[in-house]
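K.L.:
Okay, these came from TrEMBL:
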type	residues	note
DOMAIN	9-136	domain 'Ig-like'
DOMAIN	157-271	domain 'Ig-like'
TRANSMEM	326-346	transmembrane segment
Amino acid sequence: SVPADASNPDSVVVSVLNISATLGSQAVLPCKSYRMVWTQDRLNDRQRVVHWDVYSNYYGDNKMERLCDMYSAGDQRVYSSYNQGRIFMPQNAFTDGNFSLVIKDVAESDEGTYSCNLHHHYCHLYETVKIQLAITKKAEDANQYWDGEKPVIVALKGSTVMLPCVNHNHIWTERHSEEEQQVVHWDRQPPGVPHDRADRLIDLYASGERRSYGPLFIRQKMNITDTAFALGDFSLRISELESADEGTYSCHLHHHYCGLHERRIYQVFVTEPVREKKVVNLTTHNIAPAIACIPFPLPSDPNVVRGHNVINVIIPESRVHFFQQLGYILATLLLFIVLLIIVVLITRKRRQRGYEYNVKKYGEKDVNLKEFTVDTTDLTQYKSEDIRLDYKNNILKEKAEQARSFPAKNIDLDK
């Protein structure tokens, strides 16, 4: 893609428009300027002219009078026979830019306000320079000064005076080929893209040269008429609008010779087409009346009510639908309760296993301590080992020792 024109950053934005069009339609972005109308100047004078006028009240009539004029490709013309040979402009005025007026043998009737008018009909430019001329009979009063609005010249009666009008702008002095100096650009900025990164769409020159950029389908749907420079109408036509065509478009008008640099901005929005709809009252069994949209034409019916563009469709809910939603809610709640019970049971079972003590050996089964029996009879002889008793006689001592050593056994002699 070709970037936007950055060679003229001082382009003046003359208008900003918002354009909204429906999808699939044709949009026209108006861009007109009669200053860009090109007519070939075969005489090479570019329709440049200068003329001098004077506003005088010497005779009490306060009138404006044309003194002389001159075209860039012609001779100067003096309107009054009285001024023939007395007033004139330099013959090379349109070469060096000196349009000063020379007045010989000035008289009191020459007093007034003079204006130097430069007209560029081709570029539609108009410039005016005003000078006040006063006549005095005393040489010491001759002077020049600025009164705050225009220069004032006080000239001696009978002398020769020159009223200055100088403009060295190339518009008035140079000659160029018009078709190389006039060009129109169209740029497009997608949403969110700054102006300096816009895409170039079309370049159109006054010579007839046309340059289109981008894919083929864009060049076919976006175009300018061939008579643009003849009519001054450089409007861009976009056919078969799509949503992708939204964005900011810019029309750049450049007349390098005339110093014209203008830019017009267009915000393009694409909307959906409005379809014609009809409203019909529908009644079904066990369901309240509803409002429905019918996209196709219906036969004539006295119950049909024609609506406008937008219709709201509202269908009331029945009791069956209510119970169906309630069943979904109850089933979800029951499933949640079952899952909660399973989690509680698993947790309790794991806690019970934590209180059991299992003894494991490598390669053997679990052994329960309850299976073992402990014989406590062998511990009786150790119960009273350290007990020291004092006995009254040896007979009691012997009996006590016998009782500690072995318990008495009952022997049944009858067996």
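Glycine is treated like the rest: Cβ placed from N, Cα and C.
Because TrEMBL annotations are produced automatically, they should be read as predictions rather than curated entries.
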K.L.:
Tally the residues of the domain 'Ig-like' (9-136) by DSSP class, grouping H, G and I as helix, E and B as strand, and everything else as coil.
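P.N.:
So the domain 'Ig-like' (9-136) is made up of 13 helix, 63 strand, 52 coil.
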K.L.:
Taking only the residues in the domain 'Ig-like' (9-136), give me the average pLDDT of this model.
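P.N.:
That stretch averages a pLDDT of 85.
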K.L.:
With DSSP, how much of the domain 'Ig-like' (157-271) is helix, how much strand and how much coil, in residues?
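P.N.:
Split into helix, strand and coil, the domain 'Ig-like' (157-271) gives 24 helix, 49 strand, 42 coil.
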